[in-house]
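A.B. asks: Let me begin by handing over the structure; questions about it come next.
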Amino acid sequence: MRVTGITPQDLKAYGINDIQEVVYNPDYDTLYREELDPSLEGYERGVLTDLGAVAVDTGIFTGRSPKDKYIVRDDTTRDTLWWSDNGKGKNDNKPLTPETWQHLKGLVTQQLSGKRLFIIDAFCGANPDSRLSVRFITEVAWQAHFVKNMFIRPSDDELEGFEPDFIVMNGAKCTNPDWQAQGLNSENFVAFNLTERMQLIGGTWYGGEMKKGMFSIMNYLLPLKGIASMHCSANVGEKGDVAVFFGLSGTGKTTLSTDPKRRLIGDDEHGWDDDGVFNFEGGCYAKTIRLSEEAEPDIYHAIRRDALLENVTVRDDGSIDFDDASKTENTRVSYPIYHIDNIVKPVSKAGHATKVIFLTADAFGVLPPVSRLTASQTQYHFLSGFTAKLAGTERGVTEPTPTFSACFGAAFLMLHPTQYSEVLVKRMQAAGAQAYLVNTGWNGTGKRISIKDTRAIIDAILNGSLDDAETFTLPLFNLAIPTSLPGVDERILDPRNTYASPEQWQEKAQQLAQLFISNFEKYTDTPAGAALVSAGPQR
């Protein structure tokens with residue numbers, strides 16, 4: 001048995017016994033050879049593409065499985081967590097008994113015992129004083145590759161004294177036969193224990209469960225320290241001006257923050273502390289459906305050796321059909337952040353944000369492409385988190401459907417949404433930041449607003465020209481809309497212009513306004529929440 005960097009005793013402490021071999025923190029060349037090994041079968045085996053990146057399939061699990069997510073309810077979490085069975089807000093934080101946790105842990109450790117394992121030690125969080133040291137344990141080479149791409153890679157010196165704060169054991173090949181007797185959703189599980197500081201994965205091969213699992217943990221720990229934890233991308237301009245982009249999967253966080261005129265801090269998960277905005281990750285996880293070199297050159301060129309593609313269609317000659325959504329709309333690529341040339345170096349962090357952008361993909365075609373928010377509207381729309389749940393980011397979702405996701409990331413919140421709102425508002429007020437609502441979705445034509453127009457809108461926000469523009473108020477929603485912006489077709493700025501008649505817009509707008517009002521009722525049981533009702537659409 002060969003073991004490098006970790007001992008059998010380390011693994012026995014987790015319940016993993018009789019290991020054949022540990023491949024500890026392998027380099028990219030090793031992972032490349034391992035995942036292309038012709039003796040591998042099924043979802044373990046990767047395919048080489050003509051761009052140099054390896055592609056893998058994740059089976060039926062082409063997105064997260066929120067219905068299979070559980071958190072142990074014990075003395076650590078009982079009074080702090082936002083539980084699915086407590087209060088008005090709907091969420092995925094289903095309680096798990098310590099007894100069922102022990103059963104699931106036994107299944108995963110049994111699966112990993114006696115195997116050849118890949119172990120990756122990495123950091124979550126770019127700031128040493130608040131980062132998590134995470135140990136990922138898996139028997140699948142490409143899953144190790146995924147976390148090596150997505151998390152912050154320690155230096156050799158940092159690895160020498162590495163003590164994990166959190167353990168992730170991925171037993172994708174095992175399932176739970178006793179799920180019905182235990183009152184669970186299915187044989188698959190993604191379970192967390194905040195006391196043991198551990199995540200267990202069973203049944204699902206989707207790599208994003210490891211990424212979003214650690215994001216959920218940061219979302220638990222940081223706000224309790226007064227640090228904002230945000231589902232957003234972030235970049236910084238030449239003058240040090242920082243912008244953050246909130247939004248659910250597929251609304252444009254990665255695309256819009258990857259800007260040749262600005263340096264990327266990160267594309268999905270960030271904190272905001274006394275020093276400024278910092279990335280949680282060491283990589284990017286971009287959607288690739290209908291990707292083209294012309295429309296998104298930075299992401300396209302990041303797909304090369306060491307990138308890892310998921311669920312794309314690879315032709316016999318190794319070329320990729322990015323337009324093929326037969327497996328899923330949620331085709332993805334993970335790559336280390338340095339595959340993007342224009343990034344903040346050497347550490348993915350910058351100063352305080354002055355521009356806060358809420359991205360929404362409005363399936364109704366009601367909201368304007370851009371509006372400038374007041375302070376109370378900022379809180380209202382942050383807590384509402386309206387968007388369309390875009391096809392494929394969760395299993396079973398194939399058509400755009402309207403949804404409300406608190407803080408633009410309810411699936412990853414472990415505390416009540418108002419706790420995130422309070423911390424964000426404090427950070428924004430201290431920095432003098434301004435918020436904007438940007439619709440990257442549809443309008444009355446039935447077509448999606450073009451990336452070209454959205455980029456011109458983002459430019460106007462970042463260079464200050466939107467703040468100087470004349471505005472008018474959109475009825476019902478009371479949103480301040482610019483009358484004109486450089487490089488943007490003026491006719492689309494007022495969504496009513498994209499309908500055959502203003503009455504058609506009014507009808508859809510009343511429908512959407514009612515959805516906003518109904519959704520926000522869950523926050524009206526507190527004085528602070530009730531005070532924000534007037535900042536939203538009115539009947």
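Keep in mind that glycine also has a Cβ here, set from the backbone N, Cα and C atoms.
What you see is a predicted model, and the numbers here were worked out from it, not measured in a lab.
Taken from Swiss-Prot, the feature substrate binding site covers Arg64, Tyr206, Lys212, Arg332. Taken from Swiss-Prot, the feature Mn(2+) binding site applies to Lys212, His231, Asp268, supported by sequence analysis. Positions annotated as ATP binding site by Swiss-Prot, on the basis of sequence analysis: Lys212, His231, 247-255, Glu296, Arg332, 448-449, Thr454.
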A.B. asks: Pop the Cα-Cα gap between His231 (Mn(2+) binding site) and Lys212 (substrate binding site) into the table, whole Å please.
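C.D. replies: That separation, Cα to Cα, works out to 10 Å.
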A.B. asks: Around the Cβ of Tyr206 (substrate binding site), how many other Cβ atoms lie within 10 Å? Please give the count over every shown protein chain.
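C.D. replies: Here the count is 26.
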A.B. asks: C-alpha of Ile449 (ATP binding site) to C-alpha of Asp268 (Mn(2+) binding site): distance in Å?
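C.D. replies: Taking the Cα atoms only, Ile449 (ATP binding site) lies 22 Å from Asp268 (Mn(2+) binding site).
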A.B. asks: Spatially, and counting Cα to Cα, which of the binding-site residues is closest to Tyr206 (substrate binding site)? Options: Gly247, Ser249, Lys253, Thr255.
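C.D. replies: In terms of Cα distance, Tyr206 (substrate binding site) lies closest to Ser249.
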A.B. asks: Within the same chain, and leaving aside Lys212, His231, Asp268, name every residue whose CB is within 8 angstroms of the centroid of the CB atoms belonging to the recorded Mn(2+) site, in sequence order.
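C.D. replies: Once Lys212, His231, Asp268 are set aside, the remaining close residues are Lys211, Phe215, Ser249, Glu269, Gly409, Phe412.
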A.B. asks: Spatially, and counting Cα to Cα, which of the binding-site residues is closest to His231 (Mn(2+) binding site)? Options: Arg64, Thr251, Thr255, Arg332.
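C.D. replies: Sorting the binding-site residues by distance from His231 (Mn(2+) binding site), the top entry is Thr251.
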A.B. asks: Between Asp268 (Mn(2+) binding site) and Ser249 (ATP binding site), find the distance joining the two CA atoms and give it rounded to the nearest Å.
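C.D. replies: The Cα atom of Asp268 (Mn(2+) binding site) is 9 Å away from the Cα atom of Ser249 (ATP binding site).
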A.B. asks: How many Å separate the Cα atoms of Thr251 (ATP binding site) and Arg332 (substrate binding site)?
C.D. replies: 14
A.B. asks: Between Arg332 (substrate binding site) and Ser249 (ATP binding site), how many Å separate their Cα atoms?
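C.D. replies: For Arg332 (substrate binding site) versus Ser249 (ATP binding site), the Cα atoms are 11 Å apart.
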A.B. asks: Rounded to a whole number, what is the top Cα to Cα distance in Å among the residues the record ties to substrate, namely Arg64, Tyr206, Lys212, Arg332?
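C.D. replies: Binding-site diameter by Cα atoms for substrate: 14 Å.
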